[in-house]
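**Q** Pulled from TrEMBL, these are the listed features:
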type: DOMAIN; residues: 23-397; note: domain 'Major facilitator superfamily (MFS) profile'
type: TRANSMEM; residues: 20-37; note: transmembrane segment
type: TRANSMEM; residues: 57-77; note: transmembrane segment
type: TRANSMEM; residues: 89-108; note: transmembrane segment
type: TRANSMEM; residues: 114-136; note: transmembrane segment
type: TRANSMEM; residues: 148-169; note: transmembrane segment
type: TRANSMEM; residues: 175-197; note: transmembrane segment
type: TRANSMEM; residues: 217-237; note: transmembrane segment
type: TRANSMEM; residues: 257-278; note: transmembrane segment
type: TRANSMEM; residues: 285-303; note: transmembrane segment
type: TRANSMEM; residues: 309-332; note: transmembrane segment
type: TRANSMEM; residues: 344-366; note: transmembrane segment
type: TRANSMEM; residues: 372-393; note: transmembrane segment
């Protein structure tokens, strides 16, 4: 996912006496590959659509194909794997990355490409649904924050590098060559995990009833709706950012790469500087973050013809986007700290579901109204999300 949200671990999860740092770094490498694979269609949308003889809106559904499977996987991964050794589960998930990227690179038409993206959805949903509990199995509890920062740091690296590098390399070796490179990276991650991950036998199983119990808790349903509106609004714009950059400010490949690099760097900065603001006032910060994204996207209706202004606006958008998953993960741990494992799966599903919705909506809008329609739809969703966040996170009077 192109996201940082994660599920919490069960408090009875055993903690090792010594940290398995090589395994932690191997997981981080896997996250680099995972997030890069998920994001690549956004930066390669135009050449993919041209080569496969489909519209850009239809090509954008390569994002939705992985997202819909990730939604289901994140919700049901814990009950589905039962008593399986978590090491084996992780290796299968990473292998799914390899298969997916190879399938995309070699796809003769659009339909096989979509099937290949389904395998990536399994990897995305499965990994993020289990990530925090994995950290608890690999390092002592005092070292868990450090382990998580390393693992999620892999996502930040992919966020900075994947889109601009994908766009640049796509112009040099073609979009199929880029996905072959992603398959090689995933294979390297798989080998490092085989060499470093210890056995992690299951300590208990997670019943399906835990999911429904969590959804019935106060504030969760309203909060998850805010999550989906905010991430969905973001994805409506982000999925079709490249067509906008090419058609309105008229960027070439190098300009697109530079803009996406600015987006990635700003995203990284936003994620790493969010904590103080969130600690001070979580509700207001999340609302402002949503409103900022919406206003910046809307501003492109006026400023979009200027290349310099577009880069600045997209960078500001990326900064706000970077704060979003950190904020909603913080909200989850504060709202239901005793049900963070099942709540984390629901949060990941909500985020992935919103990616699906945003990509589908954006595809319909761009094919009907063009890139201007994308700006209107995205900004409207984000501003609605901001207002709803103030309602959803309102302190209880009881």
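Cβ atoms are placed via backbone N, Cα and C, with glycine included.
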**Q** What stretch, picked from 57-77, 148-169, 285-303, has the most CB pairs under 8 A with the transmembrane segment (257-278)?
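**A** Highest pair count goes to 148-169.
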**Q** Given pairs 6 or more apart, does the transmembrane segment (217-237) have at least three Cβ pairs under 8 Å with the transmembrane segment (89-108)?
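**A** No, the transmembrane segment (217-237) does not contact the transmembrane segment (89-108).
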**Q** Count the CB pairs under 8 A between the transmembrane segment (344-366) and each of 20-37, 89-108, 285-303, 309-332, then give me the winner.
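**A** Maximum Cβ contact count belongs to 309-332.
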**Q** Hey, which of 89-108, 114-136, 148-169, 175-197, 309-332 has the most Cβ-Cβ pairs under 8 Å against the transmembrane segment (20-37)?
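**A** Between the candidates 89-108, 114-136, 148-169, 175-197, 309-332, the best contact partner of the transmembrane segment (20-37) is 175-197.
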**Q** Would you say the transmembrane segment (309-332) and the transmembrane segment (89-108) are touching, if the rule is that at least three C-beta pairs must lie under 8 angstroms and be 6 or more residues apart?
**A** no
**Q** Note the mean pLDDT of the domain 'Major facilitator superfamily (MFS) profile' (23-397), expressed as a whole number.
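**A** Averaging the confidence scores along the domain 'Major facilitator superfamily (MFS) profile' (23-397) gives 87.
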**Q** Cβ pairs under 8 Å only, please: of the recorded stretches 57-77, 114-136, 285-303, 372-393, which one is richest in them relative to the transmembrane segment (148-169)?
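**A** Answer, by Cβ pair count: 114-136.
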**Q** So which residues does the transmembrane segment (372-393) touch in its own chain, when a touch means Cβ under 8 Å and the partner is 6 or more beyond its ends?
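**A** Residues 219, 222-223, 225-226, 229-230, 232-234, 236-237, 240, 244, 282-283, 286-291, 293-295, 297-298, 300-301, 304, 331, 358, 361-362, 365-366 contact the transmembrane segment (372-393) from elsewhere in the chain.
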**Q** In the same chain, which residue numbers or ranges, 6 or more beyond the ends of the transmembrane segment (175-197), come under 8 angstroms Cβ to Cβ?
**A** 20, 22-23, 25-27, 29-30, 32-34, 36-37, 40, 44, 47-48, 51, 87, 90-91, 94-95, 97-98, 101-102, 104-106, 166, 169
**Q** Can you work out which residues elsewhere in the same chain, 6+ from the ends of the transmembrane segment (309-332), have a Cβ less than 8 Å from its Cβ atoms?
**A** 3-6, 8, 159, 223, 227, 230-231, 234, 237-238, 241, 245, 248-249, 251, 258-259, 262-275, 277-278, 282, 285-286, 289-290, 292-293, 296-297, 299-300, 303, 340, 343-344, 347, 351, 393
